[in-house]
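S.K.: Dumping the structure here so I can ask a few things about it.
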Amino acid sequence: MELVRVGQAYFMIRDTLMYDEASNSAFQCRALNINEDLGQIKFVFSDKTGTLTENKMEFQCASIWGVDYSGGKDSSVNEQVGHFVQVDGKILRPKMKVRIDPELLQLSRSGNNTEEAKRVHDFFLALAACNTIVPIAFDDASNPTVKLMDYQGESPDEQALAYAAAAYGFMLIERTSGHIVIDIQGERQRFNVLGLHEFDSDRKRMSVILGCPDKTVKVFVKGADTTMFSVIDRSLNMDIIRATEAHLYNYSSLGLRTLVIGMRELSDSEFEQWHSSFEAASTSLIGRAAMLRKVANTVEKSLRILGASAIEDKLQQGVPEAIESLRTAGIKVWVLTGDKQETAISIGYSSKLLTSKMTQIIINSNSKESSRKSLEDALRMSKKLITVSGTTHNNGGNSGDAVSPVALIIDGTSLVYILDSELEEQLFELASKCSVVLCCRVAPLQKAGIVMLVKNRTSDMTLSIGDGANDVSMIQKADVGVGISGKEGRQAVMASDFAMGQFRFLVPLLLNELIFRYVLFTCFTLTTAINEWSSMLYSIIYTSLPTIVVGILDKDLSRRTLLKYPQLYGAERRQESYNSKLFWLTMIDTLWQSVVIYFIPHLAYWGSTIDAPSIGDLWTLAVVILVNLHLAMDVIRWSWITHVAIWGSIVATFICVIVLDAVPTLVGYWAIFDIAKEGSFWLCLLAIVVAALLPRFVVKVLYQHFSPSDIQITREAEKFGSRREFGAVEIEMNPILEPSRR
């Protein structure tokens, strides 16, 4: 079996259809002991950013001081420009151009003459400074008078915002450990970086404390709206805050990723207090992260809102089709993302995770009691929908239209009160009734908690797929972990069992690559008549190679058919290919074959003077011929390699038996030559093969004729129908019924 897995891994790695040219990454098989699990997956847990999307961030629009600068609906209003400055006689411009709004560009160039212009100035200053971007200038190969500025950072979001700031005239051109230099509309200004609080999954924001050229100290903060509005001073300009919230909702509904920007000026006493605390926390050896988080909270408060940014992250190629195929195959897809709820819902529709026919159940709670009530209400609604669907079906309605799919949408705040509490059972019961689960604003540990919620309550196989370090815990908790070779490092790949370049490759991995046919057969001949060499060679030469070759090369159906009919996936999970009934039938068949192999020679040579080594040679040849013919009956796709392996093993067995019996020093010298002279020897071999395989052959023919499975029906259509006819035919599939839970 281990050799079979190695062979399967080789063909998966060599599959050119799972090679991603964009990232120059081939499929990786990092674990060899779970190949067969890929045919039994029931739940897929997926990250969104970088997994379903390209992780190529493009700045689209902004809301500044309550004004929406999205350029309207007319695409002609927007244009892509690249700001540039003069450095050492050369033109320095950003490597990436950004789509800009002309009105906002005009305001950014107007200086600080008006209050509105000051807000725009502070907004883009925050985008240029509040990051960990490292600017790197290099020569433009196409123009020696031009240098390009490349922004390298920890995340594509930071890069997109830095390029946006540069496009509007706020170009970050230098960063050291103690200061940054920003070219603001042609004027270079140096800002001292007095402190930086990096983003973490608890605060969901980052901040930088700058010493400005006018001797003031300002803190600039950016982060998710759920955490930013809790630190915004709502006593100031409530109209601005409400307008920004409305713009955020509109941006999120379009599938854009949003961040809220805020700032405030620190007094001398506030700065001194923060600085001493920051120095103490930075040099602490115990609890450093918690201390820094506490210090950050002392300055990330009472902020004045500046605005919000909106970034587009496009879907990867083939994601909608991949999700649709997975759902058609009976696999439940759950998306776990840290994005805003409206953004996640919008991406859900564009990826075909959500459809207009689905009834959405949304849970947004801020306490344990409200979470309990929301779950109870949602359970009642889901049961009502199922009852209505069943009534419609019983009244003669179309079964496809009668089913009312339900989508559960829940946020991270609600999960804080539900996970690791008595409410977990209710959440699992509700999620089990839903076709789709979409979790928004979830932290990395919550992703892992969702996976364990399912694993602890069901025996179904789970698969997690992600691309970043925040997905590692989720990938490690699932039965099968898949890493995307993306732009957020190699942590997800290193923690995974399989790695690939695009989400869409998950479909051929599950629906095609591992629909290999495993043949399990056994025969026992517990007798000392078989010499030690034959016993040893039985597993090395006589029967090993055919099993390995068939296990690696044989498939039920072609790739084209499997991808066309995703419903065929999961036969093993639904216990269609192997169940207790088939197990006992196989045991009875094995017992019958053992009886035939032993008693036919025993009765044929009853009362004769034949010795034990001679009858042992007959048994050895009979077992090997029977096992290989048994295997040949189950082969679907014959190739020259399969023919050589099966028939060659039989020939090799004859040769080995002859060679062993020709060695004078071994027991049974010349036995095969004596017994093979008699016609009864060959009649016994024929009788054993016919008597042992006839019951299996008859049962197999009757079963496939009167009660064929979907795979068998599709195989016949593929085999006997021409490609032209098969491409147009519609095959009616049996309903996907899951085995009852125990």
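Positions of Cβ are set from backbone N, Cα and C atoms, glycine also.
Whatever TrEMBL says is automated annotation, not expert-curated.
Sharing the record's features from TrEMBL:
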type: BINDING; residues: ASP47, LYS48, THR49, GLU158, PHE199, LYS222, ARG257, THR337, GLY338, ASP339, ARG441, LYS447, ASN470, ASP471; note: ATP binding site
type: BINDING; residues: ASP47, THR49, ASP467, ASP471; note: Mg(2+) binding site
type: ACT_SITE; residues: ASP47; note: active site, 4-aspartylphosphate intermediate
type: TRANSMEM; residues: 509-530; note: transmembrane segment
type: DOMAIN; residues: 516-709; note: domain 'P-type ATPase C-terminal'
type: TRANSMEM; residues: 536-553; note: transmembrane segment
type: TRANSMEM; residues: 582-600; note: transmembrane segment
type: TRANSMEM; residues: 612-632; note: transmembrane segment
type: TRANSMEM; residues: 644-673; note: transmembrane segment
type: TRANSMEM; residues: 679-699; note: transmembrane segment
S.K.: Quick check for the class: what is the C-alpha distance, in angstrom and rounded, between ASP467 (Mg(2+) binding site) and THR49 (ATP binding site)?
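M.R.: Checking the Cα atoms of ASP467 (Mg(2+) binding site) and THR49 (ATP binding site) gives a distance of 8 Å.
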S.K.: Of all the binding-site residues given, ASP47, THR49, GLY338, ASP467, which has the fewest Cβ neighbours within 10 Å once its own Cβ is left out?
M.R.: GLY338
S.K.: Mean pLDDT for the domain 'P-type ATPase C-terminal' (516-709), rounded to an integer?
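M.R.: That region's mean pLDDT is 76.
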S.K.: Measuring CB to CB from ARG441 (ATP binding site), give everything in the same chain under 8 Å that is also at least six residues away in sequence.
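M.R.: ARG441 (ATP binding site) has long-range Cβ partners ALA224, THR226, THR337, GLY338, ASP339, LYS340, GLN341, ASP411, GLY412, THR413.
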S.K.: If I take the alpha carbons of ASP471 (Mg(2+) binding site) and ASP47 (ATP binding site), what is the distance between them in whole Å?
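M.R.: Cα-Cα distance, ASP471 (Mg(2+) binding site) to ASP47 (ATP binding site): 7 Å.
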S.K.: Give me the non-local Cβ neighbours of PHE199 (ATP binding site): same chain, 6+ apart in sequence, Cβ-Cβ under 8 Å, ordered along the sequence.
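M.R.: Residues satisfying the criterion: ARG205, MET206, GLY223.
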S.K.: I want to check the contact list for ASN470 (ATP binding site): same chain, sequence separation of six or more, C-beta distance under 8 angstroms. What comes out?
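M.R.: Long-range Cβ contacts: ASP47, SER201, GLY338, PRO444, LYS447.
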S.K.: Have a look around ASP471 (Mg(2+) binding site) and count the other CB atoms within 10 A of its CB, chains all included.
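M.R.: Counting Cβ neighbours of ASP471 (Mg(2+) binding site) within 10 Å gives 31.
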S.K.: Within 10 Å of the Cβ of ARG257 (ATP binding site), how many other Cβ atoms are there?
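M.R.: Counting Cβ neighbours of ARG257 (ATP binding site) within 10 Å gives 25.
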